[in-house]
């Protein structure tokens with residue numbers, strides 16, 4: 001790696017493919033964001049932005065939101081469906097419905113709604129999956145189309161609130177997830193004097209592939225079978241309310257990577273739609289649910305972290321399949337609804353934080369073992385010396401295997417009391433030296449050596465201790481092995497001479513990022529430039545805007561991070577519009593029913609009992625500051 005250019009950095013981190021044009025690397029080697037696609041030359045340096053916030057008193061880690069990205073995602077998705085509708089001469093329209101479960105933060109929901117302010121005909125609705133979410137959307141939906149889709153399991157209170165939504169001027173679709181909900185809707189609608197808008201969630205036979213595939217298929221947690229759907233139709237006929245059935249919904253699962261799965265699912269659901277129309281139901285909305293994926297690793301593949309289609313292809317497939325099936329069955333074309341929350345929100349947020357320290361292997365001179373040392377150590381010494389004399393590629397593999405076997409035996413003998421601590425330490429250092437030399441000699445183009453190279457990269461990787469909680473800020477990385485792009489925010493104009501793994505500050509061995517976007521694939525380590533306390537750089541975790549905040553937990557009582565809303569104006573100036581303080585220690589204690597006020601009283605009693613009078617005020621002040629302080633590290 002004697003020659004290095006910014007283009008190498010851009011390709012190495014695959015930024016152009018996962019960023020959708022929102023993020024990039026400047027010629028100076030700094031990560032930038034272009035939040036306003038209307039002015040792509042306007043860029044914000046994330047490193048400089050973070051330093052400005054720190055100077056203003058905002059401690060890291062900080063979650064930075066770029067609302068202009070939300071606006072663009074809404075507009076772009078609607079535009080692609082509108083173009084597909086025109087292309088296939090589809091005889092209805094498209095409505096984007098945002099499921100607030102993806103990110104319920106007020107700033108996020110309000111910015112998504114604000115994208116409709118200038119629209120003559122709003123093309124956005126909201127979805128709720130619980131009573132708290134329904135209460136929120138009842139107060140917010142009028143800022144867009146006033147369309148509300150109610151999913152999830154429901155009780156009488158949920159149903160009454162949804163029906164009250166109709167009285168408030170909203171168009172509220174109550175999607176039946178199970179048979180018992182129909183009876184409650186019929187009873188409560190009569191009591192309130194409201195004609196309900198009903199939807200059905202069909203349980204398709206087809207099941208898409210992916211981490212969330214259980215959301216679809218015949219064994220899905222939600223939805224009605226074909227027989228149950230017929231019972232609903234018959235019951236509504238008996239009640240003379242069949243016209244209330246207006247929406248068909250299905251869901252293949254989140255993050256569907258293969259466009260064929262989407263096409264197959266839409267085709268089966270379209271047949272349900274046509275059959276319902278033939279039975280006399282006036283269904284006029286076709287809700288494809290979620291599934292629109294985000295290309296987290298930028299590989300444009302069928303992996304769980306990617307997608308093998310573009311947005312236009314997604315819209316074209318849905319519209320074309322519906323057009324064909326409706327024409328074949330001589331049925332009117334319904335309004336198309338999608339609940340594409342992950343696509344809307346993932347890119348808009350970046351977690352920025354600092355490295356509090358590193359551990360790195362540095363080659364050391366290895367002395368020859370004493371003549372009377374165990375034979376095992378002499379074997380390892382021979383392997384070390386053979387590296388320089390046996391340079392054929394097969395010999396390198398043999399040396400690696402021999403050394404690993406010898407190290408395992410040395411550790412076993414130590415555990416049995418047959419090897420001294422000094423001998424074990426020598427064996428481990430010799431092994432590291434051998435691995436370090438082999439790492440430089442092996443060739444990634446040799447397919448037999450690739451697995452060993454990966455193992456060496458992982459074994460010799462620097463350990464970056466990063467000021468964040470994986471469980472709070474990237475829970476899907478821990479829970480379902482979701483990949484999120486990770487980058488140093490500066491120094492990318494330098495050769496990445498090291499490889500590293502990112503460890504969080506929780507007391508949990510699972511608190512490690514073990515997958516990284518690297519070129520056109522996923523690796524277990526990340527290439528990074530040299531890091532030092534004298535010349536540190538910050539770390540950015542990207543595409544964290546969907547699900548991560550609401551799923552994050554309080555492991556070790558690390559709470560919500562600070563967050564900021566940042567916008568770029570028409571002159572290209574950066575505006576930090578608002579900063580929301582993260583959780584204090586007192587906040588997280590309260591979440592687990594621990595009372596900071598009573599703790600303070602206890603501290604006072606202990607201080608009065610154990611601390612000299614001239615120190616009491618100082619000690620009490622530090623304890624009080626501790627309760628009011630940030631849960632993350634601030635002084636290191």
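Glycine residues also receive a Cβ, built from the backbone N, Cα and C atoms like all the rest.
What Swiss-Prot lists as N6-(pyridoxal phosphate)lysine is 101. Sequence-distant contacts of residue 101 (N6-(pyridoxal phosphate)lysine), defined as residues of its own chain at least six apart whose C-beta falls under 8 angstroms from its C-beta, comprise 127, 129, 130, 133, 341, 550. DSSP assigns residue 101 (N6-(pyridoxal phosphate)lysine) to a helical segment in the three-state reduction.
Annotation source Swiss-Prot lists substrate binding site at 286, 287, 288, 289, 290, 291, 292, 293, 294, 295, 296. In the three-state DSSP assignment, the secondary structure recorded for residue 296 (substrate binding site) is coil.
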Check your understanding: Going by DSSP, is residue 286 (substrate binding site) part of a helix, a strand, or coil?
Key -> strand
Check your understanding: Does anything in the same chain, at least 6 positions from residue 296 (substrate binding site), have a Cβ under 8 Å from its Cβ, and if so what?
Key -> 18, 305, 306, 346, 482, 483, 484, 485, 517, 543
Practice item. Have a look around residue 286 (substrate binding site) and count the other CB atoms within 10 A of its CB, chains all included. Key: 24
Practice item. Sort out the sequence-distant neighbours of residue 292 (substrate binding site) for me: same chain, 6+ apart, CB within less than 8 Å of its CB, listed by position. Key: 77, 256, 311, 314, 338, 340, 342, 343
Check your understanding: What is the total of other Cβ atoms whose distance to the Cβ of residue 290 (substrate binding site) is within 10 Å?
Key -> 24
